[in-house]
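Structure, as structure tokens:
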There are 2 protein chains.
Amino acid sequence: MKVTLSALDTSESSFTPLVVIEFAQDVKEETKEWLKNRIIAPKKHGVRRLLTSGIVIQVFPLHDNEALKKLEDTWYTRFALKYQPIDSIRGYFGETIALYFGFLEYFTFALIPMAVIGLPYYLFVWEDYDKYVIFASFNLIWSTVILEVWKRGCANMTYRWGTLLMKRKFEEPRPGFHGVLGINSITGKEEPLYPSYKRQMRIYLVSLPFVCLCLYFSLYVMMIYFDLEVWALGLHENSGSEWTSVLLYVPSIIYAIVIEIMNRLYRYAAEFLTSWENHRLESAYQNHLILKVLVFNFLNCFASLFYIAFVLKDMKLLRQSLATLLITSQILNQIVESLLPYWLQRKHGVRVKRKVQALKVDIDATLYEQVILEKEMGTYLGTFDDYLELFLQFGYVSLFSCVYPLAAAFAVLNNFTEVNSDALKMCRVFKRPFSEPSASIGVWQLAFETMSVISVVTNCALIGMSPQVNAIFPESKADLILIVVVVEHALLALKFILAFAIPDKPRHIQMKLARLEFESLEALKQQQMMLVTENLKEEPKESGKEKAT
Amino acid sequence: MKVTLSALDTSESSFTPLVVIEFAQDVKEETKEWLKNRIIAPKKHGVRRLLTSGIVIQVFPLHDNEALKKLEDTWYTRFALKYQPIDSIRGYFGETIALYFGFLEYFTFALIPMAVIGLPYYLFVWEDYDKYVIFASFNLIWSTVILEVWKRGCANMTYRWGTLLMKRKFEEPRPGFHGVLGINSITGKEEPLYPSYKRQMRIYLVSLPFVCLCLYFSLYVMMIYFDLEVWALGLHENSGSEWTSVLLYVPSIIYAIVIEIMNRLYRYAAEFLTSWENHRLESAYQNHLILKVLVFNFLNCFASLFYIAFVLKDMKLLRQSLATLLITSQILNQIVESLLPYWLQRKHGVRVKRKVQALKVDIDATLYEQVILEKEMGTYLGTFDDYLELFLQFGYVSLFSCVYPLAAAFAVLNNFTEVNSDALKMCRVFKRPFSEPSASIGVWQLAFETMSVISVVTNCALIGMSPQVNAIFPESKADLILIVVVVEHALLALKFILAFAIPDKPRHIQMKLARLEFESLEALKQQQMMLVTENLKEEPKESGKEKAT
């Protein structure tokens, strides 16, 4: 028999939002009582072990329907071009999620100039390469600037929220961590220990080969896609009819769907493997997971484009393939991430309502109904997938921007709806997540910056390969390549100098932080002075004695 | 009349080492008394303003002859191949200078593998380019590794000294800073204010054009050097005699000397300009000075080599020029920096001794003599010039390593004597400097890393340009360049991955820091607990009242 410790039980505490716990079978009354006390006192702490040991099935805060309604009204239900209520989002969901929405919004606005400049290339069918060169150069500098400026915007927000100078707490072992009980040399407490060499062996002997195998498989699938492409082209040329020209897009669309499926499958495998590597700290676990997923997704999504660009050297196919991949993946993501779960959710909601109405119990029906409803909602697994989506989108936009300037426009279009579908997802599809403080978007800043460095290289290479640029140097291909390489190095140097020259924090924040530091140092000084004077007060007796002697 | 507040006056304080102050004319007795108290209590603090206002001419700690003798014995007087007594150096001169000597020693040992691998190229006259490629590749990876490993060694040292986690103190305005009196918005105290836009104008309208002018002048001198070179070559070819072949080296040697002179002159100009820019903080002043000096010295020293390598494409001349520049600058540095001042010092010392003996005063003659002697000693202006010398040496060794593998051997040879001459300089030529704590070599780490990135580019370019490598691709020069560029990018990527993968602190230091953090957090928790319990103790009365009502 499953027991639900209803929200009512903890509602008397000062701890908002309400938390609901779902127990496994046969849990004693004392355990429940103990647990209730733990939750009321120090929040999640200590409950995590019960979760992994299987006594508790899930713990989650309930949505606050009134506040949620208010948030939704200012956020996405009334469609209008306006900024998101980031502070309200932070109030309801916490800093980590608010930062994601802040980044999504900032990134969308930052892409608009690229989209606007890219549009005429499509409208007026500009095919001159000198124009593409201008676009690509603008793009490269712009992408550096927006990433640096984001750091400042982010510092602005997190300063306002008080998490910019957040002190790192001492990290407890993550819940899934297991090992032989021993003494931790740092804390001196008893806790499971797991030798580092065993973990290294698991990483290098199992995870690494597995990731390589997956990468190989991804390339294999890519080659199948190219076979399909050739087959479709052959069919079209043989028949020459109108409908087979549509067929040309089919392989790309199928490949885009396969890529999405592979990404999702690999994600589960990576999670399983990283968990099996048995990292002690949540942060180490996250870093290994992110590295695994990023490498695979990068190759899986962009390998075919690199192959078309630098091996087949077919710019027309590159443009077509890029467009299909970008648009298909965006549409798929919107459906799979938000709309489908929302629809299922609604269906389930209607069923529950009917059931509850059939019961016709007491006054608490609405709360009971809410608990039953939210219990079945999906759990939001963190901002990882959302950032990953943006990261891949940034790749599509920047890596081959000089071939397909329209990509930015599609990205902007997608992100305007993405804001709404992500908001819907957070508010209506998932359980309310525990709020987590954070000072920045962390490792994703590095990931986006790396992508923008890679895009300098690819764009320069693409421009150097174009027949129009080649026509300028008809005699010596070597001179052309040298010039391209020099320009590329200059651009890279400019990027690094820009990144170095733009301060990470706006001036007024720097001033405020300096003030804060000054005041805390002053306070420390005063505290020490007080201690000294107290010691002096105690001393006079002794010095009096000394004088007497 | 100049008054010297003799060392005796402050010797009764607990403040070692002894400090000597030289006053300007006509300073009142009260001022001296006040000053003496200031020095006894909080060290240098507050004296700096008297220095800039001209009341005090100089303040310096006296050498402790006994400790100095002991230090010298273990350091450099007995010539033997052994590690320096870094901890004793730190004890006598402070962390900043000890770190310099630590870096010098580490860098010398780190260069030995390069020197050893480079030697056979000279001995067996290996001219195969595939061997040079191997040497250059080793060199590039090695230079990355040694810079990363240094960070770990540095962390090791500074952890032992307790400066690794040094808390930044609140920075006071630097002594030379002037402006209109106003309220500092950070501290709320009255202090001189200088508007930022005025400083920016001085930087961009005066300093920047001046630096550009100097760079232009440096390039102009370089062109004169090339004219000289051509003239010498012509003379040699016309006469064909033995002695004119020696003449071939003369232009390089003259140019090397001119470079040294220009570097030193520019150094004064840069100091004057940066001081005139009126930076509020010492750190900002230092950063602007370092940037100015580094850019000029880099161009001044290496422009001719770049010109020979990539415009003249004369590898023989490059090798000859590189060797002459490197060796001449090293010899010059050793003479100008240490030996010459030491010789002057000795001469002056003999004169003072004679004078003092002629006086035949009281028992304090030795101390009086010491004060008079050290008063005339040069002031050590910080580790800047020493690091700069190493930085330029690193440039000579790494930038064109594939052309002249012997450079590393010369650098090692120089550094073995450099340790001794620098030690002599610190102990016998300069006044004892005030000791300053520091956690790392700071901005120099970045400068060395930048140099090693630039050297990847130059070495790849040199190898790509060599006729031997060109012979492998007789038909298509473009293919060759493409391969070189790909290899270069791979090397750069490898560098960044290496720098990322090697942890900045050794594991045992990480563990200790984690332990420290854990303990301080625990202590904080306990302190808070104590506060809570104290509050609880005070409350019972009230709760008792409540129960009663």
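Using the three backbone atoms N, Cα and C, a Cβ is placed for every residue, glycine included.
Taken from TrEMBL, the feature domain 'Anoctamin transmembrane' covers B:89-515.
Residues or ranges marked as transmembrane segment in TrEMBL: B:97-126 (among others).
TrEMBL lists B:132-150 (among others) with the feature transmembrane segment.
Annotation source TrEMBL lists transmembrane segment at B:203-226 (among others). For the transmembrane segment (B:203-226), the list of distant contacts is 251-252, 254-255, 258, 262, 266, 269-270, 273-274, 276-277, 288, 292, 295-296, 299-300, 303-304, 307: same-chain residues at least six beyond its ends, Cβ to Cβ under 8 Å.
The transmembrane segment annotation in TrEMBL covers B:246-266 (among others). Remote same-chain residues near the transmembrane segment (B:246-266) are listed as 214, 218, 221-222, 225, 228-229, 231-233, 235-236, 293, 296-297, 300-301, 304, 320-321, 324-325, 328-329, 332-333, 336 (criterion: CB distance under 8 Å, separation of at least six residues from the stretch ends).
Remote same-chain partners of the transmembrane segment (B:289-310), defined as residues 6 or more beyond its termini with a Cβ less than 8 Å from a stretch Cβ, comprise 207, 211, 214-215, 218-219, 222, 225-226, 255, 259, 262-263, 266-267, 270-271, 273-274, 317-318, 321-322, 325, 329, 384, 388, 391-392, 395-396, 399-400, 403, 443, 447, 458, 461-462, 465. The feature transmembrane segment is assigned by TrEMBL to B:289-310 (among others).
For B:390-413 (among others), the entry in TrEMBL reads transmembrane segment. Tertiary proximity for the transmembrane segment (B:390-413) is limited to same-chain residues at least six positions away from its ends with a CB under 8 Å from its CB atoms, namely 103-104, 107-108, 111-112, 114-115, 117-119, 121-122, 132-133, 135-136, 139-140, 143, 294, 297-298, 301-302, 305, 309, 315, 318-319, 322-323, 325-327, 329-330, 444, 447-448, 451-452, 454-455, 458-459, 462-463.
The transmembrane segment annotation in TrEMBL covers B:480-502 (among others). Note on the transmembrane segment (B:480-502): residues 137, 140-141, 144-145, 147-149, 152, 449, 452-453, 456-457, 460-461, 463-464, 469-470, 472-473 of its chain, located 6 or more positions outside it, place their CB under 8 angstroms from a CB of the stretch.
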